[in-house]
Every structure is written in C-alpha cells, then in structure tokens.
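Note sheet for the following structure.
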C-alpha cells in the first residue's frame with residue numbers, strides 16, 4: 001500500500017476512533033528508546049546518506065519573522081486563518097480573503113531566508129556534485145526555500161506566489177505587488193480595519209485569452225485535498241530516502257505528520273530539529289532541540305569524509 005494511502009487510512013481511523021491494526025514492525029520502530037541528541041552520531045549517518053529527504057514546517061520560517069496565523073493570538077483582524085482559508089469563505093467573501101492573502105504576500109516580499117533555509121540549499125548544491133540527492137518537502141507556502149536557492153522542492157500546500165483561475169484552472173506564478181490595483185494599500189491586519197468590499201471584477205483576474213475568470217491563491221485550503229501529483233512525488237522520494245530530517249514542524253498536520261513516522265517504520269534514520277518535542281519525537285532516532293537556524297547549519301555542514309571535486 002502506498003505511503004499516501006497508509007497515511008490517509010491512519011488519519012481516517014483516528015478521526016472515527018477506529019482501532020489501529022496491530023503491527024509488530026511499527027511497534028518495534030515506534031516504541032524505541034528516547035531519541036539521541038548526539039550530533040557526532042548524526043553526522044556519521046549523514047555522511048553515508050545518498051538520498052536525503054527534508055520535511056519542513058512553519059518553524060523553519062519563524063526565525064525569518066514569518067507570521068503563522070496558527071494557535072493563540074494568530075489572528076488577522078478578528079479572524080483566524082481557519083476561518084479565511086476555506087473554499088466557503090472565498091465563495092462568500094472573495095474580497096476579504098484576497099485582502100488577507102494580499103497582506104501575507106506583501107509581508108513575505110520583505111522577508112528573507114534565514115540560516116536554516118540557507119544551510120539546506122547549500123547542502124543540496126554541495127551533495128549534488130557528489131552524486132547524492134536532497135529533496136525538500138515543505139508545508140510552507142512562503143517560498144523562502146526557493147529564495148534561498150533550493151532546487152528540488154515539493155510544496156505540498158502550494159505557494160502564496162501562485163494563482164489558480166476558478167474558471168479555466170490555469171496555474172501561474174505571480175509576484176506582482178500589489179497583485180491588482182484595487183488591493184493597493186489594503187489588507188491591514190488591525191482589528192478595527194473595515195473590509196474593503198472590492199467588487200469581484202476588480203479582484204485578480206485570469207489573463208488567459210478570453211477567460212477573465214476570478215483568480216484564487218494556489219494554496220491548499222482547509223477542507224481541500226492535497227494535489228495527488230505532488231503526493232505521488234512525495235511518496236517516491238520518501239520510499240527512496242535513506243535519511244529523513246523533520247525541521248520546524250509540529251507533526252500534527254495531516255497527512256504530512258505521517259510522512260516521517262512511515263519512513264522511520266521501515267528502519268530509516270529520522271532526525272527531528274525543532275524548538276520542542278512533538279507527538280512524533282519518540283518515533284525518531286535523533287532529536288535536536290533549539291532554533292533551526294542554530295541547530296541545522298552544523299548538522300548539514302560538509303563532513304570531513306566528503307570529497308569535493
């Protein structure tokens with residue numbers, strides 16, 4: 001059974017309270033001793049890895065000052081992301097939802113990759129010259145990995161800087177600032193700010209010949225499924241990897257929360273880099289606590305055994 005299908009079935013079981021099927025293999029791997037924080041041991045594993053998968057979440061961008069809009073205090077005006085990032089919210093009030101995403105786009109245009117993003121991109125570039133591979137599987141929509149120089153990137157939740165036409169389905173990169181004239185100066189997060197109530201015809205429109213359909217952010221909203229083509233690519237990479245890093249993710253957002261535990265269940269070393277332990281921490285071989293920009297660069301630096309042409 002594929003990784004994606006296993007994750008989906010496990011999630012369904014959790015939602016409905018169904019018992020999980022017994023598995024000696026999973027029990028063996030998931031009930032291991034507390035993970036190690038020995039960097040020297042991790043470095044030995046890293047030096048031998050040929051195919052490295054790095055799964056990243058909001059924590060890797062936090063040090064760049066990227067707001068998450070999740071958890072306590074994560075409001076834009078008086079709404080949380082869960083109230084705005086839905087198909088229903090966009091259908092009811094596309095102007096408000098576009099104000100929210102316009103604000104996020106403008107914020108991100110002023111942000112820069114931090115030491116963690118750069119360490120990942122530099123590691124990928126260096127190992128590629130050695131015939132080794134690094135793939136970044138990110139839940140983030142901020143494109144900071146791309147900005148840092150990462151080439152092999154799978155954005156499972158989409159991107160703030162891509163749009164999709166609600167009429168013809170065309171997806172395109174869009175870095176305009178503002179994305180349309182009507183949104184200029186809009187999107188202020190202050191709770192006292194009133195909605196701009198921009199007419200639909202003045203919101204971002206498709207530029208394909210003869211279409212002019214309403215554009216939406218090309219991101220995965222609450223209640224929407226992940227792109228099956230992207231999931232297929234993720235599945236291939238996770239089945240190939242011989243080392244997996246989990247960086248700055250809470251390991252609670254499904255199906256991504258199941259990716260690393262599934263890798264660990266087949267005996268592949270998994271290393272978690274996070275500010276705190278997560279529900280999945282005990283399933284991994286390594287755990288390094290602290291800011292990703294501090295812990296990740298020495299972990300991914302050139303190993304003394306590496307031969308650079």
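From the backbone N, Cα and C atoms, a Cβ is placed for every residue, glycine too.
Here's what TrEMBL has on this protein:
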type: DOMAIN; residues: 32-306; note: domain 'Deacetylase sirtuin-type'
type: BINDING; residues: 57-76, 139-142, 248-250, 274-276, 292; note: NAD(+) binding site
type: BINDING; residues: 101, 104; note: substrate binding site
type: ACT_SITE; residues: 157; note: active site, proton acceptor
type: BINDING; residues: 165, 168, 206, 211; note: Zn(2+) binding site
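A map of TrEMBL features onto the structure.
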{"residue": "57", "record": "NAD(+) binding site", "CB count, 10 Å": "25"}
{"residue": "61", "record": "NAD(+) binding site", "CB count, 10 Å": "27"}
{"residue": "65", "record": "NAD(+) binding site", "CB count, 10 Å": "12"}
{"residue": "104", "record": "substrate binding site", "CB count, 10 Å": "22"}
{"residue": "139", "record": "NAD(+) binding site", "CB count, 10 Å": "20"}
{"residue": "157", "record": "active site, proton acceptor", "CB count, 10 Å": "20"}
{"residue": "168", "record": "Zn(2+) binding site", "CB count, 10 Å": "13"}
{"residue": "206", "record": "Zn(2+) binding site", "CB count, 10 Å": "20"}
{"residue": "211", "record": "Zn(2+) binding site", "CB count, 10 Å": "14"}
{"residue": "275", "record": "NAD(+) binding site", "CB count, 10 Å": "14"}
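Listed in sequence order, the residues 166, 167, 169, 170, 207, 208, 212, 213, 215 complete the 8 Å Cβ shell around the Zn(2+) site centroid, once 165, 168, 206, 211 themselves are left out. For the pair residue 101 (substrate binding site) and residue 157 (active site, proton acceptor), the C-alpha distance works out to 14 angstrom. Here the Cβ of residue 165 (Zn(2+) binding site) has 21 other Cβ atoms within 10 Å, regardless of which shown protein chain they belong to. When the Cα of residue 139 (NAD(+) binding site) is compared against those of the recorded positions 104, 157, 165, 206, 211, the shortest separation belongs to 157.
Within the set of recorded positions 57, 65, 157, 275, the entry lying nearest in space to residue 206 (Zn(2+) binding site) is 157 (CA atoms). Shown in sequence order, 56, 57, 58, 59, 60, 61, 62, 116, 273, 274, 275, 292 are the residues of the chain, 6+ apart in sequence, with a C-beta less than 8 angstroms from the C-beta of residue 248 (NAD(+) binding site). Taking the Cα atom of each, residue 168 (Zn(2+) binding site) and residue 65 (NAD(+) binding site) are about 35 angstrom apart. Every protein chain considered, the tally of other Cβ atoms within 10 Å of the Cβ of residue 101 (substrate binding site) stands at 23. Mean pLDDT for the domain 'Deacetylase sirtuin-type' (32-306) in this predicted model: 95. The residue listed as 'active site, proton acceptor' sits 17 Å from residue 165 (Zn(2+) binding site), counting Cα to Cα.
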